[in-house]
Amino acid sequence: MSDGARSLALHGALLALLLAGAFVLPAYHHGVLARVMVLSVYAAGYNIMFGYTGLLSLGHALFFAAGMYGMGLAVQHGGVTPALGLLAGLGCGLAVAFALGLLALRTAGVAFMIVTLMFAQAGYLTVLYFGPYTRGDEGFVLQGAQRVLFGFDLSDAGVRYIAALILFAAVLVGVLALVRSRFGRVLVAIRENEERARMLGYDTFAHKLGAVVISGGIAALAGAAYGLLFGYVGATFASVQYSIFPLLWVLLGGAGTVIGPFLGTLFMFYLIDLSSGYTSAYMLIAGVVLVALTLFAPQGLAGELRRRIWRGLP
Amino acid sequence: MDFGPYLLLASLEGAVTAAVLALTAVGLSLVFGVMRVVNVAHGEFFMLGAVLAWWVAHLVGDAHPAVGFLLALVVAPLLVGGIAVLADVTVLKRVNYDPERTIVATIGILYILQQVTLMTYGPDARPVEPPFNTRLALPFVEWGENGLQLYWPWGLSTTSYKLAVIGAAVVVLLGVWGLMARTRIGLLMRATQLDRDMALAFGIPVERVYAMVFGIGAGLAALAAVLIVPIQQAHYLMGGDPLLLSFIVVIIGGLGSLPGTVLAAVLIGLSDGIISVFFSPTLAKILATLLVALVLVFRPQGLFGVRRA
């Protein structure tokens, strides 16, 4: 099989499995998987910047929260329809990503990480500061009618699963197309050697800015969808923890692979789910996994797959 | 109270914050300067210092509070320094101090330390009794009938312990300066900071210097925490704010420059105290984080740093 056919088979099989899951999974895992799919869209957005362009951001919760609050505030206080709310969330995320990219991309390496961390922290505090509108840490709940998208009631578990799957599939196909396009290849070239990419005549700043905007846009879309599907908007999703999570998921699943973010999110979600049954200190697992990954498997699950079995894994 | 005494009170509170912040941030700055490593777990070393101080004071029990406190002042930094050295040898050394992987690893260490504390010490905030705590009323000047005269406004006071914290921080900072500038160990550290490979070529055991610097940096954070814990309480989540503020201070002061770090700590500590009294603390934090991000973007060498050629 050619690389293209194999890639089609692999990702097609994953989507088919998930579709079959809609009918056979027991209720609890059904709900978990819907959550995992939306969160792995967030991770896929993060992966564009971290995995493919080599930009390590510690502030992606800013984009996730921009999408979530862009949608939530528009629906709650602006009274718009959920479909417009999704667009508002996406628009907020794109605008924030563009502004942050313009500023943060002037720095590199460690400084870039700290700048993104600081902007995300400022964003989190801003959400708390406007407590009367955002309800701060407590957050607010979207009521029934605010969650009916194109006539489908998203508070119904079956509809929610399919909606999550459609979003997941769209982003998966989009990312596959992106990383195989000319633009995606230039991003990988920048990750490998920025000086050389620039010498070959590519405008590396414009490409990196494009990566930040696409990555932030996907993260914002995930945030808006998460708020709409699960009916809750809260400041926790803007906190540092939610900037660390996508890094963890992508590292675990395999940075720079299309399927990695999903694998990492799925694995981590069940790991934390199981361990929180035993102890309230479940973030301990996240810490141990992070340290173990940096020490023993910096390429993650899909990275190992690529190294051992299939070198052409996209 | 009038505006003047209010301002004096805010500055005094700010000075205590600044003293503790200077110690914590110098630890972070030392690690960054010598090892070129951003230690995200620094706040957790601070938290560990406070928790261990409670533990030591608790073990000593009924004796005079000063006994437990003085013991904690010695034991907590040493223990925390030991843990840091262990983390350096087992984790950081093995990823070769690669900047990005080190950040990810120290985020992992952050969660491990924090959550293990949650599992053993629990979610409560616990106080440590200060060794001495006399209330000192302070005078202020006003324009009276006979020209300038002293008066004692109600509520304008501090405690002897708070003044002692400021004094102790100054002594420790002078000690760190002496260590760096006047001793052989300091010389080795500065040599490693200037050029790691050249230092290695001259037979300096760079790996041992790194382990020691990481230990000293964590120890300073722990020491700062022991000093502050009689004023604040020990809690497993208390590491977040010192970490953020230390980052702010280290960046404003110029990454890796010790005098700049101290100067920035005084500036940030005082302004944090004053702004929090007169405005919303959340707003103060928003402005401070934005300021740091913008300083990094437009003046990466820090406000007081010198641009390297």
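Glycine residues also receive a Cβ, built from the backbone N, Cα and C atoms like all the rest.
From a predicted model like this one, the values you see are computed outputs, not experimental measurements.
Long-range contacts of the transmembrane segment (B:6-33) within its own chain (CB-CB distance under 8 A, at least 6 residues past either end) are made by residues 39, 42, 45-46, 138, 140, 155-156, 158, 162, 165-166, 168-170, 172-173, 176, 193, 213-214, 216-221, 223-225, 227-228, 231, 242, 245-247, 249-250, 253, 255-258, 261-262, 264-266, 268-274, 276-278. Under the heading transmembrane segment, TrEMBL lists B:6-33 (among others).
Positions annotated as transmembrane segment by TrEMBL: B:45-61 (among others).
Taken from TrEMBL, the feature transmembrane segment covers B:67-91 (among others).
As annotated by TrEMBL, transmembrane segment applies to B:103-122 (among others).
According to TrEMBL, the feature transmembrane segment maps to B:161-180 (among others).
Residues of the same chain lying 6 or more positions beyond the ends of the transmembrane segment (B:209-231) and with a Cβ under 8 Å from any Cβ of it are 16, 19-21, 23-24, 26-28, 30-31, 34-35, 37, 39, 42-43, 45-50, 52-54, 69, 72-73, 76-85, 87-89, 92-93, 97, 127-131, 133, 161-162, 165, 168-169, 172, 176, 185, 188-189, 192, 199, 238, 242. Look at TrEMBL and you will find B:209-231 (among others) tagged as transmembrane segment.
Residues annotated as transmembrane segment in TrEMBL: B:243-270 (among others). Within its own chain, the transmembrane segment (B:243-270) has Cβ neighbours under 8 Å at 11, 14-22, 24-30, 32-34, 40, 42-44, 46, 173, 176-177, 180, 193, 285, 288-289, 291-292, 295-296, 301-306, counting only residues six or more beyond its boundaries.
Away from its own ends, the transmembrane segment (B:277-298) comes close to residues 6, 9-10, 13, 244-245, 247-248, 251-252, 268 of its chain (Cβ-Cβ under 8 Å, at least six residues beyond either end). According to TrEMBL, the feature transmembrane segment maps to B:277-298 (among others).
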Counting only residues 6+ away from its ends, which parts of the chain sit with a Cβ under 8 Å from the transmembrane segment (B:161-180)?
12, 15-16, 19-20, 22-23, 26, 30, 130-133, 136, 186, 189-190, 220, 223-224, 227-228, 230-231, 258, 262
So what's near the transmembrane segment (B:45-61) in sequence-distant terms, Cβ-Cβ under 8 Å and 6+ beyond its ends?
24, 27, 67-69, 71-73, 75-77, 79-80, 83-84, 113-114, 117, 121, 126-129, 217-218, 221-226, 228-229, 232, 234-239, 242-243
